[in-house]
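What TrEMBL annotates here:
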- CYS226: active site, phosphocysteine intermediate (ACT_SITE)
- ASP192, CYS226, SER227, ALA228, GLY229, ILE230, GLY231, ARG232, GLN273: substrate binding site (BINDING)
- 340-349: compositional bias 'Pro residues' (COMPBIAS)
- 362-396: compositional bias 'Acidic residues' (COMPBIAS)
- 404-413: compositional bias 'Acidic residues' (COMPBIAS)
- 18-288: domain 'Tyrosine-protein phosphatase' (DOMAIN)
Amino acid sequence: MSSQTETEFAEFDAKNSWNEVFQRLKNESSLASLGEHFSTKVARDPDNRRKNRYRDVSPYDHSRVKLSGESEYINASFIEVPEANRRYILTQGPLEHTMGDFWQMIWEQQSRAVVMLNRVIEKGTLKCSQYWPLGAGYGYEQEMYFPECGLMVTLVAEKEFQHFTLRSLELEKLESGEKRELLHFHYTTWPDFGVPSSPHAFLHFLHSVRGSGSLGADIAPAVIHCSAGIGRSGTFCLVDSCLVMVENSGTLKEIDVRKLLIKMRTYRMGLVQTADQLRFSYQAIVEGAHAILSEHGLEDIQLPTLSWNQNHADSQPSHTTDKAVRIDQNGLSLLQTLEEPPPPLPPKKGPVSAHAGMNGWGEEEDEESEDEEMLINERVTDDENDGYNDDDEFDQLVDRSESDSLDGSDDSDKEIRITNTLHQIRQERKKQTAEQILKMKERQQKSERLRAAKSHTHNSMYIGLAVVIGAAAVIIYKYFL
């Protein structure tokens, strides 16, 4: 007998009713989050508004993360799922002027991992500031210093896989000299407002994060973020929580996906942002549950690992300090065993339109902002998928390589060509990202200098005007005397 989740998934696909289902879920979520308990007063305070990437994505006061110190606001929320004994921190992609707050939160909450589900620049739009060091291998520093929180962040090791990059970072509190290790899981092929190219790729990524122990109940909550911290981040947490519940109960029949999502939305608004993401959540939960309930568990769903550090060692940066080796054994080696190809991927049924279920979350801040990054950051909508660029080429190549592996093709020459092309596109994308970030910072500095010059000019004008008025007053006074 099929579970409720499997029955709903098949029914919604057969009727192609994901849009209607998603709209009902939004309405129920709105009703569940009425009342003063769900206020966003702190987020909308004038002093805090420029710390929000999007004007309509704000943390609820009751579940927001608080920083120590005078400026204690950050756009981040605690998400609690007691049914799965899970606790997450969901946040937006850091802005240029909130990167220090981001690292302060990680330090104070003692998080051991960051799960990043977006690229820094997507379709030419800045989705997140470059908040970690790129490393000497790409012509940049190994460290980044954040004086506002007194933290130094160092890139210790980096390893690339087909769909994500794993980094080992070291955080050091310079005042005390205390150091901590942090794993940075960066999913690089999740399109904004879309879904991963297959549930297998996502489940492979989720299994890798879990394997590090970063999501365990006995440690501090991991930090999960995308651009707004609700769409992809909510999908990740929903799938993970449901699969934990399957592991604990030994069955999928106890899971009510929509009920759980509505409850999670009472901690942070708008989790799971589109009908596509809702459908993908169901699909990943069903396939992940089948793997968990099989003999081998979730690790049975894997992808061939294409590690550029392994296959193109001569062209990649190498971080080989003693500390890097030790961290590699603790964290990075968890992924070296993921070598088996996945089982055949079932065809996708009942495709959902890319425009389906748009709910208005993540709109552009239309008021004048002092931050250059916020000025160029457009609203998160599916219209950025129009046109063609290297991102489109990269995603097509990823899909093609997955399709080849699933069809059982053993054409090694073709695989090598695809692998080399993917590598070239990744390297070019990193170069373009770094260049765009540099240009944005230069424009921001120019804008700040211009504002300072204008302020000086205005002050001079005011002083001159005051002198003229004063002189006129003296002349008039003497005339009447």
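One-based numbering along the chain as shown.
Cβ from N, Cα, C; glycine included.
For the recorded site, GLY231 (substrate binding site), the DSSP three-state label reads helix. Reduced to three states, the DSSP call for GLN273 (substrate binding site) is coil. Counted within 10 Å of its Cβ, the other Cβ atoms near GLY231 (substrate binding site) come to 29, all protein chains included. A distance of 12 Å separates the Cα atom of the residue listed as 'active site, phosphocysteine intermediate' from that of GLN273 (substrate binding site).
Annotation note: CYS226 (active site, phosphocysteine intermediate) sits in a coil segment as assigned by DSSP.
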